[in-house]
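> Annotated 5-phospho-alpha-D-ribose 1-diphosphate binding site per TrEMBL: K28, R96, K97, K100, H102, E122, D123, L124, V125, T126, T127, G128, G129, S130, in sequence order. Under the heading domain 'Phosphoribosyltransferase', TrEMBL lists 48-153. Positions annotated as orotate binding site by TrEMBL: T126.
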Amino acid sequence: MNTEQKVARALLSIGAVGFVPDNPITFKSGIVSPVYIDNRKLPFHPKEWKVIIEGFAKIIKKEKIKAEVIAGVEAAGIPHSAALGFFTKTSSVFVRKEAKDHGTKKMIEGGSVLNRHVLLVEDLVTTGGSSLGAVHHVRKGGGKISHCLVIVSYNFPSSKEAFHNAKMKLHAITSFPVILDEAKKLGIIQGKTLAKIEDWFQEHTGHTK
């Protein structure tokens, strides 16, 4: 079993993935989805969370990513960036989606990214809007950034194009297609529910799972 499959099974085992074609949710991007992925559950399950953090660390080593600062995207990316920073003994910060209307009004909290190589950590990528918003703030703060780690990517063409245009390389330790594959193997999803979700994925990617 490879890392993508291990991560997918870890998420499925803690109930972080829900298949809800009859009660779909709406992403911030406006996409209506028959699937939800709640990575906020991971810190409650340290054994499964360790699989994710170790998966991130493997990518850093394999891709030879230079990271002087690890930055988490507010809010869901923060626990994972902090854990990865601790695990790899690397400084970590977090990037706000918008400045608070009081206090210092900083967009980057925890330390300076000026002239430092920054690695972004996100929990989930659909269209990539939140992640690339954080990239903008890191660059505005003088940080050098070209890589983003994410737990799950939906592999939508729009996100791939957006990251490419922003001169960013996205590294996902698992993806929606892999999660769906593992759910099928485990008998978690089948029949009409499976068909509806596969149709939805094809509609948003232009190809079957």
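Backbone N, Cα and C atoms are what each Cβ position is placed from, and that goes for glycine too.
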> Look at each of the binding-site residues, T126, T127, and point out the one with the fewest other Cβ atoms around it within 10 Å.
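Among the binding-site residues T126, T127, the lowest count of other Cβ atoms within 10 Å belongs to T127.
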> Out of K28, K97, which of these binding-site residues shows the lowest number of other CB atoms within 10 Å of its CB?
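Output over binding-site residues K28, K97: least Cβ neighbours within 10 Å is K28.
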> Would you mind checking how many other C-beta atoms are within 10 angstroms of the C-beta on D123 (5-phospho-alpha-D-ribose 1-diphosphate binding site)?
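For D123 (5-phospho-alpha-D-ribose 1-diphosphate binding site), the 10 Å Cβ neighbour count is 25.
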> To the nearest whole angstrom, state the Cα distance for the pair the residue listed as 'orotate binding site' and K97 (5-phospho-alpha-D-ribose 1-diphosphate binding site).
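Cα-Cα distance, the residue listed as 'orotate binding site' to K97 (5-phospho-alpha-D-ribose 1-diphosphate binding site): 16 Å.
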> What's the most sparsely packed of the binding-site residues V125, G129, counting other C-beta atoms within 10 A?
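Relative to the other binding-site residues in V125, G129, G129 has the fewest Cβ atoms within 10 Å.
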> When the domain 'Phosphoribosyltransferase' (48-153) is classified with DSSP, how many of its residues are helical, how many are strand and how many are coil?
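The counts are 38 helix, 31 strand, 37 coil.
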> Looking only at the domain 'Phosphoribosyltransferase' (48-153), what is the mean pLDDT?
95
